[in-house]
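Participant: Feature list, courtesy of TrEMBL:
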ACT_SITE  Glu85  active site
BINDING   His84, His88, His94  Zn(2+) binding site
DISULFID  Cys57-Cys58  disulfide bond
DOMAIN    1-191  domain 'Peptidase M12A'
DOMAIN    190-302  domain 'CUB'
DOMAIN    304-410  domain 'CUB'
DOMAIN    410-450  domain 'EGF-like'
DOMAIN    453-566  domain 'CUB'
DOMAIN    566-606  domain 'EGF-like'
DOMAIN    610-722  domain 'CUB'
DOMAIN    723-839  domain 'CUB'
Amino acid sequence: MNGIIPYTIDTNFTGEYLALFQMSMNHWENFTCLSFVPYNPSLHKDYIIFTSDKCGCCSYVGRRGGPQIISIGNNCDKLGIVVHELGHVVGFWHEHTRPDRDLFVDIFHDNIQEGQDYNFDKAKSGEINSLGETYDYWSIMHYARDTFSRAAYLDTILPKKPSSGVRPKIGQRLHLSKGDIRQANKLYSCPACFQTYFGPFGELQISPNSTHCFWRIRASAGEHIVLNISTLLIPQSSRSCVSAPSNFIIISDGVSTGSSIIREKLCGGIQQKMVVSLSNTLMIEMKLEKTIPLSIIGNFKVQCGGTIRSENGTIQSPRFPEFYPPESKCIWNISVEKNFLLEAHKDCSYDNLKIYEVEEDTSAQKLLGTFCGQNYPVIFSTNVSNQLRLQFSSDASIQKRGFHLEFFKEIDECKLDMHNCDQICVNSLGSYKCECYNGFSLKSDGRTCERTCGGIFTADSANFSSPNFPSNYSSNLRCMWEIAVDEYHQIFLEIPHLEIEGMKSECAYDFLHISHIAGRRNGELRLCGSYTEPLFLKSISNRLKLVFQSDASMERSGFTVNYVADLNECAKENAGCSHICENKLGSYECRCPSGFTLAENRHKCVEGGCSYQLYEPAGRVVSPHYPDFYPNNRTCKWHILTTPGHRIVLEFHIFAIEDHSACKYDKVQVYDGGDEMAPFLGKFCGSAIPPELESSGNQLFIEMLTDETNSEAGFNATYESECGGQLYAESSTGFIYSHAYYGDRKYEKSSKCQWEIIADPESNVKLLFTQFSLESEDTCEYDFVAIFDGEKREKKMYGPFCGDIDIETIITESNKAIIEFQTDDTVEQKGFIIEYASSRPVEERKPSKFDSISVAIEKWATNLRVPFYSVVYQNHGNPNQIWNVNDWRDNIITAIDESVKIHGQNPVVVGSSAGCQAVLRAALARAPIIRGLVLFSPGVGLDLNYMERVLPGAVVHLKQGRVVKHPAMDPNLDIRVDLSNLMEFVDNCPLKPNKPISLNCPIRIVHGLKDRLVPFANSLNLLSLLETQHKALTLINDGHFITDETVIHESLDSLWKTISSLY
């Protein structure tokens, strides 16, 4: 048992971050035998550094050797995220990169952000050892369903459909899972009997089934532990206690028995022994020859204050990072050796911390400062003395986290030539470090440099490779090459061979890091793994830097690099290109922005297409050629789509369109939806700036039309997303996101949003929180969500809700829900996602004798997390009104079109009973954009004569069903049927038990009372097959209830069991 991980924290982090890091490390220590200890240069060669790097939230996997960063950047300041990154340090890869992951999850590559696919790479067999643990959906190392998604409402990874019908949740960032804990304890060979205490007091209890146990007591830095222990229950040994192999207790001062100062070894028969720790950690080991009954052998309490004689150290308020207790008083006296000054940096909040400088001869003390709230210096020092006194006091009222203070003696070893560095000395607070010139590496002694690799290249072309190539490179290398060529030149880089330890998604151990690369985020690229094809890169300017680093194990053949310097024609007057100039090796190429194409002279850009899709929550819309005059005879369209649950507010700042009283010539038209068929918001021309326009939903459509004469300067407009609005709940699921930038950033301070969700008068509103993370507070007074059933203050309220909690599904008693979301001006968090839909009252949903195929389909779609539309034709079933199949068809066509626009998916359409006629007509009208069609009827309402008239010759009578084909359907659906080959088609579309449906048969009519359960289950099996081919699936149902008396409730129960067994 070891598991000691030294750490240090960059000084740029605030006290809140220090507390967060401490809580995260405590979380790992609470469930494992790992120990996180402050880095000590004289003791530790390998350590981690909490910092903020360009990668945001990231860290290396396992121990690499030497300093190793764990980056906690913007939007990473959450306990679960830091615990996740520490999981990489401990040795955990992302759960979904396991070699066996394809058995458990599906990856949707089309929904992944550009350039982020590598995060979903699968490890090769042997690269990840899960130590026998099964795939863990609940692991804190597992991605969420929308990680690196192009939009927060698109899935990038989902668990496969289990037999239970409900997908497991993934992506939690709350705590270690049971599987995480088991795997970590296996990885570090933790004892089975091991317990950690963080409280101010506690008792040590012996487990009746264990003979070898460990207890670890952790206090805050600057506190000490008073332990009272008895060994009366331990059998006395006949041998000397010093040499006794068992029946003893060892008490050590430090984090482990192997690296700590042994304070006491106690054998049986001792009434009571008190031990006071020298540090803030005690480790107690008990080893018995045989088990003894369950009993308490000791107790402890934690005390603050005392005298500290050390060159450096840390002091924290009691119980840090938790809130300090009320009515506390602690005094620390700090001394370093003479002739040195003391420096400290700290973070305090509330109550009172006083810091005094103490004169050695007279013991007189001079107050350096009194600190409370968050008014504190970052660094302060004594003036002449080598002694400090700290006095902390708290009253009986409000408690906060307190303070974290580090002290050290400070000298500039580099300036005083006290460093012994071979080449470069870099001073730091309380210490220094040695570095080497380019082309040299630091030897293991930490101060001597030796020439190894790297160099500076200024020639127009050259090549170089990793050390020892083509043999394996050495371990613990750090090589740097710099390429600097003439001004106005660009460097073209070829890497014909690269084989470096590591996965491309992580590059955690060995890597080649290249800076100043064109076309890369931040101009940087990190490479590892194995590439079978050459890599081609080019620089941003006339310089490139390559850094190669290897760790202490698993060397590979390395890499070779060739480069050529090329004159960059684009650097001078853009090479005559009117818009974009791209330098090529030996030449250049002009390119055009969106909406333009390259003219015949290959330099000038001319007008091209004029249709735009805008997905950002805020942005700018300008007329073509703005600020120049717009072109004639053009139709331009802008479709703005923002986050669900938000409205789009459009504001024109400049507006100059050819004027006419009725806008007859040129005009700008705005629609409340996704196209020109949506509700009309206004038509504008002239020079008057239009009013601010607001959509009712998350889409807005702008259309600009110009004629063949006169043009003006056009328009300049901006749009932004606003939360709240009125939404309508249907049987299909809708979504509400707390803020428009959900997933990219935290919600804003001082926000106030209200959503009103209305269902039809006969329904309720169902709300499900799939994600929830707000600022935590006992009474939820700061940031909260409250839900009102019906009109506010007239009906019941759910909540308020805050923190990181699981909220049960809410079903209102009325047909209206009002959701209020409010934040204060301090802490922000990730936010929430709500799924909403209409829900029939329980008493109306209970069937007596009959049930609904639509209800069964909706259950299936809900369990499979499939977007679902139920299109109910209100006149059907009413004897006083005429059923119009064409109206019903039009409603289904609208649902098909909306599903494509909102979800970007070609839907599968389901029809039942008499609704089959309307569904079939709608499917024929929208043949090119539907993915499949399933029609089900137990024998009532399916008018085969009508179908024969609509599709003459296309209805084929089979023994147990009907198969329909239509030549207008998309050929990619594979449904064009040659009637002369009927039997082959029948074989591909079986209606028999235990025979799977072929994907060559996506259009089905299933008909007949006999064996009705089998064909319907097979039809749903077809939809499942479609989904398992990594294709998103939208389901549209005609919403018609089947009331055939022969289909009794027991049969549908059996039907549902049959369907469930398929998934």
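Numbering starts at 1 and runs along the chain as displayed.
Cβ from N, Cα, C; glycine included.
TrEMBL: automatically predicted annotations, no manual curation.
Quantities reported herein were computed from a predicted structural model and do not represent experimental measurements.
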Participant: Is the domain 'EGF-like' (566-606) packed against any residues at least 6 beyond its ends, judged by a Cβ distance under 8 Å, and which are they?
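Facilitator: Same-chain contacts beyond the ends: 488-492, 538, 542, 612, 624.
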Participant: Quick one: of His84, His88, His94, which of the binding-site residues has the smallest count of other CB atoms within 10 A?
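Facilitator: It is His88 that, of the binding-site residues His84, His88, His94, has the fewest other Cβ atoms within 10 Å.
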Participant: Give me the Cα-Cα distance between His88 (Zn(2+) binding site) and Cys57 (disulfide bond), rounded to a whole Å.
Facilitator: 11
Participant: Considering Cα atoms only, can you say which of His84, Glu85, His94 is the nearest neighbour of Cys58 (disulfide bond) among these recorded positions?
Facilitator: Glu85
Participant: When you measure from the Cβ of Cys57 (disulfide bond), which residues in the chain that are at least 6 apart have a Cβ under 8 Å away?
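Facilitator: In sequence order, Ser71, Ile72, Gly73, Asn75, Cys76, Ile81, His84, Glu85 meet the Cβ cut-off.
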Participant: Around the C-beta of Cys58 (disulfide bond), how many further C-beta atoms are within 10 angstroms, looking at every protein chain?
Facilitator: 17
Participant: Please list, in sequence order, every residue of the chain apart from His84, His88, His94 whose Cβ lies within 8 Å of the Cβ centroid of the Zn(2+) site.
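Facilitator: Leaving out the recorded residues gives Ser59, Val61, Glu85, Gly87, Phe92, Trp93, Ile140, Met141.
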Participant: What count of other C-beta atoms do you get within 10 angstroms of the C-beta of Glu85 (active site), across all chains shown?
Facilitator: 22
